[in-house]
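Pulled from TrEMBL:
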DOMAIN    58-109  domain 'FHA'
REGION    175-205  region 'Disordered'
COMPBIAS  179-188  compositional bias 'Basic and acidic residues'
DOMAIN    208-326  domain 'PpiC'
Amino acid sequence: MLQATQHVIDVPSSKLEAQAKYFTCPPWAAKPKQEWYLDVRKGETSIGQQRIDSDPYYLFGRNVNICDYVLEHPSVSRVHVALVHHHSGSVFLIDLDTKYGTLVNKKRAPKLEPVKLQVGDSFSVAESSREYFLMCPGCTVASTESPKDREVTPMALSTKPKGLSDAASTIISVTKKAPRPEDTASKEGEEETPAAKKQRTTDPVELPSAIECSHIVLKHNTCANPVDRSRLPITRTKAVATSMLDRFRQEILAVADVEDRMDALARKAKMVSDCPDTCKKGGSLGYVKKGQLPDSLERAAFALAPGELSEPVETPMGIHLIMRNA
């Protein structure tokens, strides 16, 4: 059971329990006393705002069950970045040891180290084109400066709290995978042999055990259950359903940006998909493992790279388009 120490007393227990594996609220964190939000921009256009002034910290990433704000770009890590409010009034960003990193004001942020943000600073995650600008109505850059900020240094990450492993810190809990023998070039002082190099470079690529997907399905009059999501009979033929999905696919692929393409599929799924369980969620299937989808749909889905959209795929349920989100 997590103890409600002073620096986490304002964090809901359900949030702490869900996120404890990925992040531990640091002792210098505090619930903000001013209004803070992120202005989300795509190019020069503001496309929304995200409030970040209710809790001492917020997590951003792809994992819908862990993160406070879900980012859909396939290059984003499941738990990618944390924003933490300091008790002095400052705001800090921490990249959670991600593969594709985080940019602060267009410059690469160090991993697992707090980086102080000023009002008006921006950050972007992985290969996403969206930028997040830190905003505080009534704040100025000077008002976010404090001598107390020096408490937040990389050295603060070295103290291990009770109950966490040696790989954990007061801020982050990170599990490092041990390198595979084939991933290490050689033992110290030895060169990799040609045979070892050939073996390492010709090994088959290991396919993911689970992928995140969304889909659109159109039923037809000869499918297994020819009724739409309103329980009305389906009269369209298989050829018509396929032709409709071909057109939808071209419309979605005409969107250049991957995130916008995912949004386009989600909007279309809400409008036309005949799957009552996923249409309200924008066609999201969540994370699926092998054996959970019909064979033809599974083969198509696991052959996709993140961000790719399949051709129409037939299953007993109907005709599908499936997109791999991650």
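Placed from the backbone N, Cα and C atoms, the Cβ positions cover glycine too.
All annotation found in TrEMBL is predicted automatically rather than curated by experts.
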DSSP assigns the residues of the domain 'PpiC' (208-326) as 42 helix, 28 strand, 49 coil
Taking DSSP H, G, I as helix and E, B as strand, the domain 'FHA' (58-109) contains 0 helix, 22 strand, 30 coil
On the domain 'PpiC' (208-326), the mean of the pLDDT values is 92
